[in-house]
Amino acid sequence: MFQSNQYDEYNKTNKSDEENESNENENENENENENRSEDGDQDSEDSFIYEEDDEEEEDTPKLSFGAKFLAKHGHIEGQGLGKEKDGRIDLIEVDRFQSTKGLGFAENDLPEFYRVTKHILEDEDVDFPSKQRFEWISCNSEGYNFWEGFPVDHTLVKFVANDSITDKPRRGHCSVELLMELDQHKNALDTLDPNRFYVARKKSNPYESIKGSIFINRAAVKMANIDKLADLLTPIIPVPGKPRDFIYFGDVCAGPGGFTEYVYWKKTRGGKIKGEEGLDLDDVVKGFGFTIKGQCDWNVEKFSKQIPIHNFVKEYGLDDTGNILKSENIRDFSSKVFYNTNGFGLQLFLADGGINTDGKESLQELMLQQLILCQILTMFETIGRGGNFVCKIFDTFTPFTIGLLYLVYQHFQSFSIVKPFTSRPLNSERYIICKNFLSYRPMNIIDFLHYINSLLNNNQTILELIEINSMDPNFLRYILESNELICLRQIKAFSLFKKYVEDIELPPIDQKEIRAKCLEEWGLPKETKYDIENYQKHKNRQKHHHNNHSNNNNNNNNSNNNNNNNNQHQHQHHQHQHHQNQHQNQYQHQNQHKKYNNNINNNSNNSSPNSSPNLTSSPNLNSPPNINNGNNHQNNNNNNSNNNNNNNNNNNNNNNNNNNNNNNNNNNKNRRFISTKLVKNNSQFQQKPPPPHRHMSPLQIQQQFLLQQQKEQQLLQQPQKDQLHQLHQQQSQSALPDFSAANFMEALLKRKNDSQQ
């Protein structure tokens, strides 16, 4: 695609450089003239030598870097390159616009019809409208009633030999001068370089940048242009039992399916079926396709993804080849259409058939005669009353083509021939558009056309179907005016094309503005097909990522809630065990206190009066506890070990949850179009378990010692009964073999004396 901005910038830079050079030359000339006028009165030798030096400098050209490099290596100007000095002498020209050809590419000379010259675009060359006008004609006489009683008579058909085909039949329905001028342009294309042809065609066609818009090919945009002119998708007679806007349509010889894609796109409003509740695609549109298998087959997979097309029916005829030139395939397709439409027929029939005629453009109309006949025959076989018809044709100069068009003209209420803007202006392509079919399966016409088709399949060449003199003068006048109008437009397009062939630096027309206006006029989006598909893919990826991200968040939140619940349950269990241990210790302490009271009472009865209550000593922290206290400590240690195990299990669960979260985060990081706001680690949302049991620190020991001293002071302040209880407790402890180190020797001596006595 050629952008006008690049050429505008290039021309601006060239113009600015040329203006700067011209200004510099003028300044230099003025300075030299001033110097010479000032020094003209002086006839000194210095001034004379200075002028001679200037002349010598002007005569000796400046050498370029390449010339200096070659001269340095012994190259002499005027001799060829290489060891034998028989190589290239001229410099290699740099082609800025055809850089893909490579250096040294020798382009073919232009044909005699073209000359390399510089051109300027005029106002007529740039005037290209976006709104198109055309003319309808109607048949005054009820021709379809005439053909209902018309017998098939092969005597009306004129035959000619195959070797006597000439272009003389063309001269009857167009100006000879226009045809001769048009033939000159077409014949010059035979010897034109293909690359130069394609470049000039793109630059000279102002509607080239429209291309296929959002559809599979240009045919869909042509259909959009035609539909804007004629409103063909609105049914004239509604189908019984269907909504008012529902249509049956047929698409013949239209692979890969541009017409079909547009019809489904337009009827479904861009892929969005709107209407009453429960409205299905079968209540909006249904299509039947017939095309030849192979390279021209349907390519439904490349249709726009947002367009529903699941009810489209593809047929290939009785022999499963899709060859429409065979009458048995046409009858098979017709029977299936009427079976699926309950005998109602099609409300829209589209035909876009064509063949390759490269190098044989002058014989294009003769080569397409049978194909056009079979498309019109299939239309008569399948279309219902009130249906519309669109068919692609080319030149309409021969009596055979004009006879076919006359049959169509007499069976429709409105008839027209249109060359849409989206059709390339250089070719002779055009479309016949017909509205409101006035008959229903005219069997005489159908049988007559089947008979003609059988003759063509037997290599019979037919010159004329209906005598020209018997046709409607209004129809013949319209054919003549249509041919001349299209010829004039073709000649105008070829004149602009010739300028771009002769001047490769001529900038193209601003195609962006024309494209935007045409798409707005035809009701098509300005974005391309790939832009919409890429946007839809990106949107689906974001939606898919959002769902995965929300699922991951839900899973993480659920796991966090489960972990928190587990931790809370475990913490509650730990507290419950701790309370149970405290209750057990209190219960054991109460029992022990009761025993002590009983012992004190017994000892008080048996004690001597000389005993003193001041014999009590402060408790020793290094003394071992009693047996009951040892059991209590064992229970506490067991409980602490259980709590440690529970805490370890909690930590393991937390580690597993953290690993799961890390895996989820890693999976999210590997995704495309991922949001940076990922779920944080679950560990910061978890409730921390209680700290495990540890050995007492020195500070804790000191605090416990102070607490015990306070308890001792409280005991000293108790009554005598409590002091006796403490004395009895010390005496019971002295019976044990384990004493403090300070009184150990004294206790041994006392026991020894007691044993001796």
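Cβ coordinates come from backbone N, Cα and C, glycine included.
Computed from a predicted structure; not experimentally measured.
As given in Swiss-Prot:
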ACT_SITE  LYS392  active site, proton acceptor
BINDING   GLY257, GLU301, ASP352  S-adenosyl-L-methionine binding site
COMPBIAS  18-32  compositional bias 'Acidic residues'
COMPBIAS  40-59  compositional bias 'Acidic residues'
COMPBIAS  549-569  compositional bias 'Low complexity'
COMPBIAS  597-668  compositional bias 'Low complexity'
DOMAIN    62-108  domain 'G-patch'
DOMAIN    214-438  domain 'RrmJ-type SAM-dependent 2'-O-MTase'
REGION    1-61  region 'Disordered'
REGION    538-670  region 'Disordered'
(request) Find the longest CA to CA distance in the recorded S-adenosyl-L-methionine-binding set GLY257, GLU301, ASP352; express it in Å as a whole number. (result) 20
(request) Work through the binding-site residues one by one (GLU301, ASP352) and point out the residue whose CB has the fewest other CB atoms within 10 angstroms. (result) GLU301
(message) What whole-number Å value do you get for the CA-CA distance of GLY257 (S-adenosyl-L-methionine binding site) and the residue listed as 'active site, proton acceptor'?
(response) 14
(request) To the nearest whole angstrom, state the Cα distance for the pair ASP352 (S-adenosyl-L-methionine binding site) and LYS392 (active site, proton acceptor). (result) 5
(request) Report, as a single number, how many Cβ atoms besides its own are within 10 Å of the Cβ of the residue listed as 'active site, proton acceptor'. (result) 23
(message) Please report the Cα separation of LYS392 (active site, proton acceptor) and GLU301 (S-adenosyl-L-methionine binding site) in Å, rounded to an integer.
(response) 25
(request) Inside 10 Å of the Cβ of GLY257 (S-adenosyl-L-methionine binding site), count up the other Cβ atoms and send me the figure. (result) 29
(request) Across the whole of the domain 'RrmJ-type SAM-dependent 2'-O-MTase' (214-438), what does the mean pLDDT come to? Round it, please. (result) 91
